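Trainee: Got a structure for you, questions after.
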Amino acid sequence: MKAVYLVVAILGLASLVVSAYDPSPLQDFCVAAKESDGVFVNGKFCKDPKVVKAEDFFKHVEPAKTENPLGSQVTQVFVDQLPGLNTLGISLARIDFAPKGLNPPHSHPRGTEILIVVEGTLYVGFVTSNQDGNRLFTKVLNKGDVFVFPIGLIHFQLNVGYGNAVAIAGLSSQNPGTITIANALFKSDPPISPEVLTKAFQVDKSTIDYLQKQSWNDNN
């Protein structure tokens, strides 16, 4: 009987792991359509295949402006920007950096990220979970270098070169999501109670009030 319980538990865990990622497509493609125009599948409605065009699978990405407090800008190519990605389980982002620009600590709850440096030099890293001791893994990347950020873990990229930098990130979800840590904590709507934040960060209320009044830049 114990063996049966063990098998059931293992199957239950396996199903949780499988459901944590985008499901495999059940057709050649499923271009995202408006809710009134299609049939619901895999999180997005599908456009009638008979009216799908090449443009549904195409998007041009221009270099982004980086004149902001962080000195960086992320241009997403997720399913909302490129409907042809629907059900395919992948997406992409271009990240432009001014000198010393930062893509601040953030996470992707639904996707692993693999990043390649196209131009410049980046200092990148991620932090593991509490259970792993919150270990920090970092690397300085130059043109052509590749680095992986595991799904759900907090990570960042900082331009440590003297010029601009550009990176391309591939993600293992059509809609990986982005949680920028500073925004989530200090610019939530409605705001998190200062009582919670003062106790969590072990600082006084004036510090929390100051942080909540800042104009946190959301470039993701």
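Glycine too: its Cβ is placed from the backbone N, Cα and C atoms.
As listed in TrEMBL for this protein:
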BINDING   N103, H108, E113  oxalate binding site
BINDING   H106, H108, E113, H155  Mn(2+) binding site
DISULFID  C30-C46  disulfide bond
DOMAIN    57-209  domain 'Cupin type-1'
SIGNAL    1-20  signal peptide
Trainee: Given C46 (disulfide bond) and H108 (oxalate binding site), what distance in Å do their CA atoms have, once rounded to a whole number?
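Mentor: Computed Cα spacing between C46 (disulfide bond) and H108 (oxalate binding site) is 25 Å.
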Trainee: List the residues in the vicinity of the Mn(2+) site, defined as same-chain residues other than H106, H108, E113, H155 with C-beta within 8 angstroms of the site's C-beta centre.
Mentor: S107, F126, F149, L153, I154, P176, T178
Trainee: Mind giving me a neighbour count for H155 (Mn(2+) binding site)? Other Cβ atoms within 10 Å of its Cβ, every protein chain shown.
Mentor: 22
Trainee: In the structure shown, with every protein chain counted, which of the disulfide-bonded residues C30, C46 has the densest set of Cβ atoms within 10 angstroms of its Cβ?
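Mentor: Of the disulfide-bonded residues C30, C46, the most buried by Cβ count within 10 Å is C30.
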Trainee: At the level of the C-alpha atoms, what whole-angstrom distance separates N103 (oxalate binding site) and H155 (Mn(2+) binding site)?
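Mentor: Checking the Cα atoms of N103 (oxalate binding site) and H155 (Mn(2+) binding site) gives a distance of 9 Å.
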Trainee: If you skip the near sequence neighbours and keep only those at least six away, which residues in the chain come within under 8 angstroms of E113 (oxalate binding site), Cβ to Cβ?
Mentor: V148, F149, H155, A169, G170, L171, S172, P176
Trainee: List the same-chain residues at least 6 positions away in sequence whose Cβ sits under 8 Å from the Cβ of H108 (oxalate binding site), in sequence order, or say none.
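Mentor: Looking at Cβ-Cβ distances below 8 Å from H108 (oxalate binding site), excluding near sequence neighbours, one finds F149, I151, G152, L171, S173, P176, G177, T178, I179.
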Trainee: Reported as an integer number of Å, what is the Cα distance between H106 (Mn(2+) binding site) and C30 (disulfide bond)?
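Mentor: Per the Cα atoms, H106 (Mn(2+) binding site) and C30 (disulfide bond) stand 29 Å apart.
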Trainee: Report the mean pLDDT of the predicted model across the domain 'Cupin type-1' (57-209), rounded to a whole number.
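Mentor: Overall, the domain 'Cupin type-1' (57-209) comes to a mean pLDDT of 96.
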Trainee: Cβ neighbours within 10 Å, counted over all protein chains: which one of the binding-site residues N103, H106 has the most?
Mentor: N103
